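Listed in TrEMBL:
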- 31-53: transmembrane segment (TRANSMEM)
- 73-97: transmembrane segment (TRANSMEM)
- 103-125: transmembrane segment (TRANSMEM)
- 146-172: transmembrane segment (TRANSMEM)
- 184-203: transmembrane segment (TRANSMEM)
- 210-229: transmembrane segment (TRANSMEM)
- 235-254: transmembrane segment (TRANSMEM)
């Protein structure tokens, strides 16, 4: 690689780590940049997934205070995301990408829309609960576990926008503050990337020099993004997630 290409790959990791930790949809930053240095889509995809694992660790660690006392939720989120990702990674290596790519943009746009309307849904749920009082559970409901696994399949297959989808469904399914949801999202993305990375390390055409550069950039980006994400007011966080979600969807539809 030329020095210019090295800087581009480092920037890909830095930008993706920052955006994943703070908002979601970080692969929208890194994947096109990796393509720009001449990688094929498959190689760019698998190198991106493996390289972002260290950034996911730093980003998740940055939300340790928000996740304190949430061990059961963290464990459930991690396990369901990782199990789905193993299947997604296997599908990526075994099947053509065309059929899945047709539906992915619409899933991302749906997730962004859910984030946009989530306050309205939450108000409706609170009003319904007031009419029919019941004990509020903070457990990880089975339907949410199923959705987390499905999003994990997508994360292992390609992954751009999985953070946006996770925030949407976690916010709808859990009675938690949005910053806790953001921390759980980081854990889920890390778990999905780590599970897929284990598959790719043995069976995918990885360029380890690219992986290393993305990893270095993503560590710093994840740490910075976690600090930015924690300090964002909920309305700012929501707007950024919605905008980034639509950006991912439009990008995937037009490429």
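FYI, residue positions are counted from 1 along the chain as it appears here.
Just so you know, glycine gets a Cβ as well, placed from its N, Cα and C.
TrEMBL annotations: computationally assigned, not manually curated.
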Distant-in-sequence neighbours of the transmembrane segment (184-203), which means Cβ under 8 A and at least six residues beyond its ends:
20-21, 24, 46, 49-50, 52-53, 56-57, 59-60, 62-63, 67, 70, 73-74, 77-86, 88-90, 93, 148, 151-152, 155-156, 159, 162-163, 166-167, 170, 174, 176, 226
Hey, which of 31-53, 73-97, 103-125, 146-172 has the most Cβ-Cβ pairs under 8 Å against the transmembrane segment (210-229)?
31-53
Quick one: do the transmembrane segment (73-97) and the transmembrane segment (31-53) have at least 3 Cβ pairs under 8 Å, skipping pairs fewer than 6 apart in sequence?
yes
Applying the under-8 angstroms CB criterion, which one of 103-125, 146-172, 235-254 scores highest with the transmembrane segment (31-53)?
146-172
Using a Cβ-Cβ cut-off of under 8 Å, list the residues of the same chain that are 6+ residues beyond the ends of the transmembrane segment (103-125) and lie near it.
25, 154, 158, 160-161, 164-165, 167-169, 171-172, 238, 241-242, 244-246, 248-250, 252-253
Could you pull out which residues elsewhere in the chain have a CB under 8 Å from any CB of the transmembrane segment (146-172), counting only those six or more residues past its ends?
20, 23-28, 31, 45, 48-49, 76-77, 80-92, 97, 100-101, 104, 107-108, 111-112, 114-115, 118, 121, 178, 181-182, 184-186, 188-189, 191-193, 195-196, 199, 241, 244-245, 248-249, 251-252
